[in-house]
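Here is the structure we will look at.
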Amino acid sequence: MPPNITALNTTRARTYVFRLPLFTRVVIIAIVGFWLAGLQSIVDIQQWGALIPDEMGLATLYRMNTFPFIHLNIFHAVMNILALTPLMERFEAEYGTLNCLALFFGPLTTIPAFLYIGLEKFVFGNNVAVMGASMWVFLLLGVEAVKTYKVNPNFVIGTYSIPTWTTPIGVLFAMAVLVPSSSFWGHAAGLVIGYGGMFSSTLNKKEKRQCADVKGVAGLGYVKFLAPPEKILRWIEGKLNLLGRLPHYVSIDQKTYGRFGVLPSNNTPAAASPGVALGLVGSTQRLGP
């Protein structure tokens, strides 16, 4: 029996990896590639691509897009890959590959990077460099926590009812205690932007009023404004025939709940429940011509 269980787990893991969507695969490959590039001694990859507040200028703005791919060592890279992969593949399956490309090489990386630089340089007066995909991890944890809050607002511990959207905050402080060398403010910047991108778009008017005292920046719901126009994405997909050319590509018509993470209503049939739908994450099914 144990060998069969081991074989089953291995098969499921292999199937999961083979079904990862395109952008998620590219991110993983890039992280591994930058780690391999850092093994040579000619160019200091960490110094070249890390997010260093005092090194930022017009000529070094590229750091805002390179720092998530660069890691201190193989352990750092592997841990971030394991944490990031399930979160990124869910996001890509819902929003689409082109959306992920535009958002993660744009506002979902640069906004938390600017926020971190502002805090580190102008508030604390420090120059602590950060690198690694953990900022993305906390950003996506914020996104997932808010979506979970919509379905299950609270969980109970003893006699205390705790809002589910606060779970990543607990993870944030636990990480700061367990890994003191990690960047608390870098993680916090990602988490704030993750909350801000989803909170407003997943709450109804009554819930928005109830949460007005805690949502802060989250009320912006800026994903609707930062995501590329759907007409442009459809035009690019059709013009370049991305569905026909790129395996594991996730198109606009392939996403689970629609463009901005609209969750099913209470009247949605059981077959369309969140648990069932997430089982399709990473599917390579192609729709259209």
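Backbone N, Cα and C define each Cβ position, glycine as well.
Since this is a predicted model, take the numbers as computed values, not measurements.
A sphere of 10 angstroms centred on the C-beta of Ser134 (active site, nucleophile) encloses 23 other C-beta atoms. DSSP gives Ser134 (active site, nucleophile) a helix state. Under the heading active site, nucleophile, Swiss-Prot lists Ser134.
A C-beta separation below 8 Å, combined with a sequence spacing of at least six in one chain, links His187 (active site) to Ser134, Met135, Val137, Phe138, Leu172, Met175, Ala176. Annotated active site per Swiss-Prot: His187, in sequence order, evidence recorded as similarity to another entry.
If you look up Swiss-Prot, you'll see 26-46 (among others) marked as transmembrane segment, on the strength of sequence analysis.
Sequence-distant contacts of the transmembrane segment (67-87) (same chain, six or more residues past either end, CB-CB distance under 8 Å): 20, 24, 27-28, 30-35, 38, 45-46, 49-51, 109, 113, 130-137, 140-141, 143-144. Swiss-Prot lists 67-87 (among others) with the feature transmembrane segment.
Look at Swiss-Prot and you will find 100-120 (among others) tagged as transmembrane segment, backed by sequence analysis.
Among the features that Swiss-Prot reports, transmembrane segment is placed at 122-142 (among others), with the record citing sequence analysis. Counting residues 6+ beyond its ends, the transmembrane segment (122-142) has Cβ neighbours under 8 Å at 27, 31, 46, 49-54, 67-72, 76-77, 80-81, 83-84, 87-88, 90-91, 104, 108-109, 112-113, 116, 167-168, 171-172, 182-183, 185-195, 197-198 in the same chain.
Tertiary proximity for the transmembrane segment (157-179) is limited to same-chain residues at least six positions away from its ends with a CB under 8 Å from its CB atoms, namely 138, 141-142, 145-146, 148-149, 187-188, 191, 194-195, 199, 214. Annotation source Swiss-Prot lists transmembrane segment at 157-179 (among others).
The feature transmembrane segment is assigned by Swiss-Prot to 184-203 (among others), with sequence analysis given as support.
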